[in-house]
Amino acid sequence: MAGLRSWLFCLTVIAGSLFGAKAEIKFTTPVGRLFTYELLRETFQNDFEPLTKLYGPVGHLYDDPMTFKCNEQGFPDLPEWLRFIQRHPLDNGFLYGTPTSLGKNIIEIYAVNKRSYDTTRQILVIKAVPEKMLPYQAEFFIQKREVERVLPPSVQNEIKQDLQYLWSTQDLEIVNITNALDRGGRVPLPLAGHYEGVYVKVGSETFFSKCLESVWTTVHQKQCAAGSKGKAPEGCHFCRIPSNCITWCKTELFNLAKQKPEPPAPTVGSGVLEAGGDFNPPESPPSRDFFPDYMVTVIVPLVLAIVLCLLLAYIMFGRREGVDGENAFCSIQLYHHHTVHENAEELRSMAANRGVPPPLSTLPMFNSRTGERASPLHSDSIPLIMAQQ
Ligand SMILES: *[C@@H]1O[C@H](CO)[C@@H](O)[C@H](O)[C@H]1NC(C)=O
């Protein structure tokens with residue numbers, strides 16, 4: 001029984017390694033040259049296929065939307081030099097970038113089928129091998145392109161051919177392709193004729209052509225500083241496809257041959273320190289008087305605060321204005337109280353005796369202070385309130 005189990009285990013390991021070996025794709029790419037790998041949805045569709053062959057309608061070809069997730073094995077993300085782009089689940093994805101150091105990168109690619117939510121995995125092994133650095137490099141900006149439209153090899157070739165004419169040499173290699181958005185570019189308006197823009201860097205062993213050298217002339221620099229997009233110099237217009245045309249003012253030349261003077265070799269010493277005198281500890285610094293600082297930072301604000309407190313207290317409690325006014329107000333209240341009281345008394349006496357004349361306050365021309373009243377006959381004014389019978 002145990003023997004059978006170990007046999008089975010061995011078989012699965014062998015099958016697994018065989019299967020794993022089949023799913024591993026190997027690439028060798030030179031350092032300092034552009035690497036591109038297109039994640040074809042078709043091939044991943046084939047990986048999903050066995051299931052659909054078994055259970056799906058016979059002969060039906062699926063074209064499922066897919067998304068990809070790529071990372072370096074054992075890491076959450078891709079290596080620094082490698083970038084991934086897929087615009088839409090119905091587009092192919094691209095891995096691209098320029099390796100900067102030697103070594104092997106193992107990339108895991110997970111594809112998620114957005115119809116069935118199946119996943120499949122591919123392993124990509126990218127081995128960067130040494131390559132001579134190209135001493136003359138130039139970067140061009142292609143305004144009317146998006147990076148995933150430039151990455152297919154056919155388009156890369158078109159662009160390279162134009163640049164070969166411009167450089168007047170066949171010896172030209174694409175070094176880097178970058179989305180302008182990764183270089184501080186803006187997201188374009190979602191309108192026709194607006195693109196993100198792409199930077200293409202090429203390198204060569206041959207020195208720059210006359211056309212390229214015109215970038216260094218003052219005329220060109222003045223034109224560009226004035227804000228124009230820059231026109232191709234006479235006889236240097238080499239783009240056959242309008243969307244591949246470069247923006248002259250964003251062209252930059254790098255002469256890496258000139259920039260690198262050999263650093264002087266470090267002089268190697270004996271490895272033993274020279275004999276010196278005894279160690280002299282530094283003198284302790286002179287003592288400082290902190291009293292003035294203390295005065296300024298603690299005492300002065302404290303005194304100020306106390307003074308302000310006292311001032312506020314004096315204003316709030318000591319100097320109360322309007323005591324007389326308050327008294328006057330009280331006397332008015334008293335007076336009101338008295339009149340109300342008197343009127344109530346009067347009403348009460350009236351209620352006791354119905355034969356009395358109507359209340360004074362209901363008569364016209366009534367002087368509330370003196371109680372004196374003008375005869376209604378001698379007055380030409382009309383009583384404000386009709387006396388009740
Ligand atoms: C390629 O371009 C990207 C973005 O500008 C940059 O980060 C990277 O260092 C470049 N690689 C090389 C080898 O020039």
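If you go along the chain as it appears here, the first residue is 1 and each next one adds 1.
A Cβ is built for glycine as well, from the same backbone N, Cα and C atoms used for every other residue.
Per TrEMBL, these features apply:
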- 29-126: domain 'Sarcoglycan alpha/epsilon N-terminal' (DOMAIN)
- 134-221: domain 'Sarcoglycan alpha/epsilon second' (DOMAIN)
- 367-389: region 'Disordered' (REGION)
- 1-23: signal peptide (SIGNAL)
- 294-317: transmembrane segment (TRANSMEM)
| field | Average pLDDT across the domain 'Sarcoglycan alpha/epsilon N-terminal' (29-126), rounded to a whole number | value | 89
| note | Residue counts for the domain 'Sarcoglycan alpha/epsilon N-terminal' (29-126) under DSSP, helix then strand then coil, are 15 helix, 42 strand, 41 coil
| query | What is the three-state DSSP composition of the domain 'Sarcoglycan alpha/epsilon second' (134-221), stated as helix, strand and coil residue counts? | reply | 34 helix, 21 strand, 33 coil
